[in-house]
Each structure stands twice: as structure tokens, then as C-alpha cells.
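Peer 1: So TrEMBL lists these for the protein:
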{"type": "BINDING", "residues": "206-213, 231-235, 252-255, 318-321, 363-365", "note": "GTP binding site"}
{"type": "BINDING", "residues": "213, 233", "note": "Mg(2+) binding site"}
{"type": "DOMAIN", "residues": "200-385", "note": "domain 'Hflx-type G'"}
Ligand SMILES: Nc1nc2c(ncn2[C@@H]2O[C@H](COP(=O)(O)OP(=O)(O)OP(=O)(O)O)[C@@H](O)[C@H]2O)c(=O)[nH]1
Ligand SMILES: [Mg+2]
């Protein structure tokens, strides 16, 4: 682990905007997630500022009055970072930094920073470093560079303990070098994947922190790192799993998030190839999260981006042990029933209508309903296997009753 043992939390404020696309409720949800990201990156959120912005200020995104308010707060409370949920143009970032005289971070750079902290293998490090430099390049200018050099912490970490370089020419050279290095690793990974033979390949996909690694550990008896922070997993783990004497490959990979930086999606090409080349996707969802439907949507968008949305998919709703629904009192005739009031049973029916038996409800932590999970996965994998190798039944010794 690169994470330091004693973390000194850096003071941060969050800024979100309300506009036609995101109402106040949405912004609150986005900022909740941004706060979790900030915490994962080693920051403590002291205050949130939210402004209704119909026409974004080209100079500073938010209005000048709000900027002054933030400026005063930053000064009085020794704030280290101001974190915007929305993307800032390089010029906006510079202007805001000039006025607030502290680090200005947007969602993209915050996610990049977490990835930098968490990258463990040299492969993951290379991918993250490339993504960071590509984000940085259009943002480098004299003054800003000078300021940045004096500040460590959130937004300034490179993979490993070194700080990222901020000289334009060096950055360009580094990008070229990293790309070459990645191409070489990509070729090696391709060969490795090719060598895995003809086993059916299954990939766990899903939003970050939904329990992919936990499920991987339960199913494959492996020990993939899992914890209640975002992006615990960056490297892909592939395990051979045997269900009812049918072996297949199961991979656990990086979690997705709303607005996953495009630089990351691109530089994680090989990591995501595991998903692209899978025969079956297990889309894991944290049903106990209030925004789980939006999470499903974000994941589907990324799957479309990497041309994997048409793949055979089983929806796996995890953390049913932690699910609670809002309840309408019997004498309450005013409150309208929404999906927030659904019981697990109602969710089951809803998803059944959408995807038939390709929806499962489990708890990986409490090992609830795992038999059904194993059975469904077994059936799907067997179907794929049989279609692919119609004349080959060597994988099927007699006693398969358990999963038929
Ligand atoms: N209550 C409950 N918690 C769970 C369940 N499955 C996983 N968790 C917890 O959810 C947190 C995240 O689990 P991980 O397995 O690391 O999630 P992940 O999807 O691999 O996350 P990333 O690698 O960060 O994308 C951990 O604290 C787990 O203990 C479950 O069924 N019920
Ligand atoms: Mg994980």
C-alpha cells in the first residue's frame, strides 16, 4: 500500500452548481460523492458552496459575488484545496487559482489523484501517470507551474512518492515515453490473454465500492483487497473458478464512476480489455446506495464507450442485507409511492420484467443467495461453452447435478 499510515487530512471546500441539467437534489448527491472522493484522497470537507448558475461565468464558472464569499472563507479557515464538481477549463482553473491562492481541483483531477495514490503495479502506475500528464499538459503555464511547485498533497501526487513534473517540454517527452512503454506492456498482456486458452471469460463490472472484489473473494477464494473507500481495485485480477466441474476465468477490475475521466479510460485500455474481451459480464450494483439506478446508467455509458454494451450481462444486485426502503405510514394518503419505497421483492419484480432471469439479488458479505448466483453463472457459462465447443464435452464429468 502506498497510503501513508498516519494521514493528515487536508482542509477542503466543495463547490457545485445548479443548472438546467442538475437540480438541487442532484447537486447534493454529486457533492456527497465528491466528499467521499475527497476523503479517499486524504481531504476533509469543511464547507460546501452551491450556486445556481444558468450561464456559467467564462472566467470563474461561478459568479464574482460567490467567488468573493469563497475567497473570504478560504482565507479565514486556511483551506488547502477548493474542489469543483464540474469540469473547469484550463483558463478558469488559472483565474480561480489566482484569486483564491490555493489549489483548485476538479472532479477529474481528484479522481486522477486517487488513482495515483492507489496504483501499485508498475503497469497501473504507468497508466495513471500517462492520464495525469495528458490532463496536465493543456493546463501548464508559468505562474501556475510556479505556484504548484510549492504545494504537495491532493492533486499533486504522482504514482509512487514522487511529485508530478510540471515542465511542458518534460511533460511532452514523458507522454511519448509512457505511451511507448504502455504499447509494449499492452502487447505482452495481449499475448498473456491469448495464452489463457479457450476458457470462457467472465468479468465483474460495476460502479466503484459496490462489492466486486468482495464477491470475487467469496466466489474464487482469492484475497483481493476490498475496503470501504473508492477505487480499492486498480489492477485487474483474473482467477480460475470452477463451478460444478466447469472451469472458467473470472476477472475483477477497476470500478467505474460518474464522469470517469476520458484520459483514464484511454490509458486503462488494457485493463478494460479484460471487459471488452469477456464472454459474459456480471454487472454488480450496490442496491443499498440511494443512487444505484444512476450508477447503473453511468456504468452502461462507460460500457458503451468501450464497445461492450451488447454483451451478455447478468445484473447482480448486491448488499441486500443493507437495503432499506422508505415506508409510507398507513394513514398517510398524501405521499406518492416512488421507487424509494420499493421493497427488495418489488425490485425483483421490476427487474424481472426488464431482463427476465438475468437479475440476481445477493449479499456477498453475508453470503446470502450465493447458491442461486453460482447456479445462474454456471448455466450461462455452460451455454457459452457448449455453443463454442459443440463437440467437446471433456469439461463435463458425470456429477453435475449440483448446478443443473
Ligand atoms: N453490507 C454489505 N457490504 C458489502 C457487501 N459486499 C461488499 N460490501 C462492502 O462494500 C465495501 C466495498 O467492497 P469492495 O469489494 O472493495 O468493492 P469494489 O466494487 O471492489 O470497489 P472498488 O474496487 O473500489 O471499485 C467494503 O467495505 C465491503 O465490505 C454486502 O453484500 N453487504
Ligand atoms: Mg475492488
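Any Cβ shown, glycine's included, is placed from N, Cα and C.
A TrEMBL annotation is a machine prediction, not a hand-curated record.
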Peer 1: Just the number: how many Å between the Cα atoms of residue 363 (GTP binding site) and residue 213 (Mg(2+) binding site)?
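Peer 2: One finds 13 Å between the Cα atoms of these residues.
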Peer 1: Rounded to a whole angstrom, what is the C-alpha distance between residue 235 (GTP binding site) and residue 213 (Mg(2+) binding site)?
Peer 2: 11
Peer 1: Would you identify the secondary structure of residue 212 (GTP binding site) according to DSSP, in three states?
Peer 2: helix
Peer 1: Kindly point out which of the binding-site residues 212, 235, 363 have a C-beta less than 6 Å from some atom of ligand 1.
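Peer 2: Near ligand 1, sequence order: 212, 363.
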Peer 1: Roughly how many angstrom lie between the C-alpha atoms of residue 233 (Mg(2+) binding site) and residue 254 (GTP binding site)?
Peer 2: 5
Peer 1: Would you mind pulling the DSSP three-state label for residue 363 (GTP binding site)?
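Peer 2: Once the DSSP labels are grouped into three classes, residue 363 (GTP binding site) ends up as strand.
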Peer 1: Return the members of 206, 209, 235, 254 (the binding-site residues) with CB less than 6 angstroms from at least one atom of ligand 2, or none.
Peer 2: none
Peer 1: Please classify the secondary structure at residue 206 (GTP binding site) using three-state DSSP.
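Peer 2: In the DSSP reduction, residue 206 (GTP binding site) maps to strand.
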